[in-house]
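Swiss-Prot has this to say about the protein:
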- 1-128: domain 'CMP/dCMP-type deaminase' (DOMAIN)
- Asn42, Ile43, Glu44: substrate binding site (BINDING)
- Cys53, Cys86, Cys89: Zn(2+) binding site (BINDING)
- Glu55: active site, proton donor (ACT_SITE)
Amino acid sequence: MNRQELITEALKARDMAYAPYSKFQVGAALLTKDGKVYRGCNIENAAYSMCNCAERTALFKAVSEGDTEFQMLAVAADTPGPVSPCGACRQVISELCTKDVIVVLTNLQGQIKEMTVEELLPGAFSSEDLHDERKL
């Protein structure tokens with residue numbers, strides 16, 4: 001699957017978004033190394049802190065099905081420029097994807113920004129930070 005096909009899947013996922021409060025629909029499509037695609041959309045809740053973003057929905061679906069090796073993630077929304085993942089999504093992406101996974105950000109006008117996970121969140125907090133030997 002190429003980049004444009006994955007973007008099309010992200011746009012399809014966006015159509016499934018449950019965003020009755022913000023009306024801000026986001027879709028994501030995650031391509032595994034073996035060619036499977038997991039789509040995710042944002043799902044809102046009246047208690048905003050309970051909302052889940054499209055990127056995390058796609059990643060959690062994949063991991064819950066046993067897929068943990070990814071090659072590309074596409075995210076699409078109706079924004080002036082390519083959509084920018086929130087900080088929580090950036091952290092989850094950096095935790096569940098290797099640094100070289102390609103992240104494709106786009107909008108409904110077809111503007112595209114492509115980067116690696118490492119470029120998306122440089123200096124990410126990781127499991128290595130939790131296991132660092134510290135003197136108290």
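Here the Cβ of each residue, glycine as well, is placed from N, Cα and C on the backbone.
Helix, strand and coil counts from DSSP across the domain 'CMP/dCMP-type deaminase' (1-128) read 42 helix, 34 strand, 52 coil. Restricting the binding-site residues Asn42, Ile43, Glu44 to those with a CA within 10 Å of the CA of the residue listed as 'active site, proton donor' leaves Asn42, listed by sequence position.
The local packing around Cys86 (Zn(2+) binding site), expressed as other Cβ atoms within 10 Å of its Cβ over all shown chains, amounts to 13. Taking the Cα atom of each, Cys89 (Zn(2+) binding site) and Asn42 (substrate binding site) are about 11 angstrom apart. Glu44 (substrate binding site) is surrounded by 19 other CB atoms, counting those within 10 A of its CB over all protein chains shown. Other Cβ atoms within 10 Å of the Cβ of Ile43 (substrate binding site) number 16 in total over all chains. With all protein chains in the displayed structure included, the most crowded Cβ environment within 10 Å among the binding-site residues Cys53, Cys89 is that of Cys89. The local packing around Glu55 (active site, proton donor), expressed as other Cβ atoms within 10 Å of its Cβ over all shown chains, amounts to 29. For the domain 'CMP/dCMP-type deaminase' (1-128), the mean pLDDT of the prediction comes to 97.
Taking CA atoms as the reference points, Cys86 (Zn(2+) binding site) and Ile43 (substrate binding site) are 14 Å apart. Here Glu44 (substrate binding site) is positioned 8 angstrom away from Cys53 (Zn(2+) binding site), judged by their C-alpha atoms.
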